[in-house]
Amino acid sequence: MKNINPTKTKSWKSLKKHFLNINTTHILDLFKQNKYRFLSFSTIFNNEILLDYSKNLITEETINKLIDLAKECDLPGAIKSMFQGAKINRSENRAVLHTALRNRKNIPILVDGHDIMPNINTVLEKMKIFCQNIIQGYWKGYTNKNITDIVNIGIGGSNLGPHMVTEALTPYKNHLNIHFVSNIDGTHLFEVLKKINPETTLFLITSKTFTTQETMTNAFSARNWFVQKITKSSSFNHYEQHISKHFIALSANPVEVKKFGINPSTNMFEFWEWVGGRYSLWSSVGLSIMLSLGSNHFESLLDGAYAMDMHFKNTPLNKNIPVILALIGIWYNNFFLSETEAIFPYDQYMHRFAAYIQQSNMESNGKCVDRNGYPINYQTGPIVWGESGTNGQHSFFQLIHQGTKMIPCDFIAPVLSHHPIFDHHDKLIANFLAQTKALAFGKKLEEITQEYITKKQSYIYDLNILPFKVFKGNNPSNSILIKKITPYTLGALIALYEHKIFTQGVIFNIYTFDQWGVELGKQLADDIYSILKQTNINPQYDSSTNGLINYYKYWSQA
């Protein structure tokens with residue numbers, strides 16, 4: 001990829017001038033100027049997903065200038081490099097090929113001169129056979145009972161993706177109970193262990209390196225719990241054989257897997273260094289998804305993602321959904337300086353989607369050094385957050401409607417509900433539509449005054465409160481309407497956001513696929529842990545950290 005500072009491009013300077021012209025425009029005026037604005041600013045993917053981006057502070061000129069920026073930053077070349085397996089993650093000297101995991105046409109993809117597709121296909125087939133054996137009851141626990149519970153132990157991408165997908169696709173799940181443990185807080189593991197039977201539980205230890213502190217702490221504790229349980233009812237001499245029936249590793253490090261006590265040749269499902277953790281649900285990390293849904297639905301998830309991959313790779317930029325969303329995000333982040341964006345899925349099964357995209361985006365593009373190693377003097381990744389509708393409406397929408405901050409929003413909703421109870425879904429969608437309309441157009445003082453006069457309410461009294469009922473509007477949003485949340489459409493939606501994040505990273509001139517910012521905290525935690533365990537050593541840090549350590553030691557011994 002080319003290293004181009006976006007602020008030095010002609011298109012960036014042109015956008016700055018354009019911003020001065022559009023900054024005082026109201027979305028309401030844009031709709032008045034073009035009664036066909038919806039048609040001009042919407043696009044459909046595979047007759048399954050509709051993107052309406054008309055309720056944004058943009059014109060055709062805005063989009064054209066943003067596309068010029070993408071071209072000047074060589075986005076087309078970057079897309080090509082990623083799909084071809086070039087080592088675009090130069091800070092770690094790695095290719096970025098989560099797209100290869102859903103390469104449904106099986107087109108050869110070379111890394112260091114070797115086609116990686118045979119290995120991908122081998123692992124996928126191994127996953128399918130294994131899941132079939134678990135689901136159909138052929139794989140037995142150490143007391144010859146069927147597996148009933150799956151516990152996925154992992155953190156970050158090894159947890160958020162699989163957890164989100166299994167929740168989002170709950171209507172498609174089978175009889176297996178899926179549990180997720182991520183937090184190193186022992187309470188998380190404790191509460192899961194209370195619910196399960198060691199005779200019928202399968203643990204998935206999910207870690208690329210098999211050295212992640214949180215994951216391995218939980219994994220060792222789970223193994224110890226399991227061994228303690230089986231020694232009460234079985235010969236301790238056979239515990240390694242029993243572990244082989246109840247512990248599976250999902251990792252790229254067979255050496256550490258073996259040290260833990262899992263046989264890599266039989267009980268490990270491999271994934272590779274060119275798979276980033278937050279983009280890994282498509283790999284063996286998604287084993288919990290396949291166990292929950294079955295292999296057919298897992299492959300439908302891959303199919304949907306592949307379809308979006310092809311859309312992203314082949315569609316012109318002005319009709320390319322991930323590119324459009326990415327460019328609009330840059331428009332607000334870097335010119336309006338909005339700093340944040342919110343995601344609101346109006347589907348309760350999708351309640352973990354915002355948290356998943358939060359990690360994908362903020363860990364990817366939360367960078368302050370460009371690809372040349374120089375400090376950045378412009379905004380990069382936004383703060384991403386959200387909540388499922390309509391819960392958010394009764395929580396923080398007040399600030400979005402009448403606060404002082406611009407918060408661009410993505411509203412996501414299915415047309416068809418999996419559970420159409422009475423008129424619930426129509427009311428849900430009515431709220432979805434009402435919020436996007438209210439945010440964009442607001443409500444003027446004159447309208448509110450006229451309403452009070454028409455209703456013959458106490459006008460003299462109400463004059464005092466009318467200003468508090470004014471909605472300024474002009475709050476931008478995208479509406480993503482999905483025909484139905486299925487494995488296919490969810491796969492496409494996830495890939496859409498992945499490619500949006502990639503596009504923004506290219507234009508920001510940063511390395512999207514590393515996460516060095518996570519490392520310092522890990523190193524310090526290891527140092528501090530050793531001090532916490534030794535009562536006779538005084539900490540030698542700053543006064544704040546020293547004081548907190550001393551109080552922790554004092555209170556923990558009380």
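Cβ from N, Cα, C; glycine included.
The annotation active site, proton donor is assigned in Swiss-Prot to E363 on the grounds of sequence analysis. Look at Swiss-Prot and you will find H394, K522 tagged as active site.
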Secondary structure at the residue listed as 'active site, proton donor', reduced by DSSP to three states:
helix
About how far apart, in whole Å, are the alpha carbons (Cα) of E363 (active site, proton donor) and H394 (active site)?
29
Counting every protein chain present, what is the number of Cβ atoms, excluding its own, within 10 Å of the Cβ of K522 (active site)?
11
Within 10 Å of the Cβ of the residue listed as 'active site, proton donor', how many other Cβ atoms can be counted across all chains shown?
23
If one measures from the C-alpha of K522 (active site) to the C-alpha of H394 (active site), what distance in angstrom results, rounded to a whole number?
37
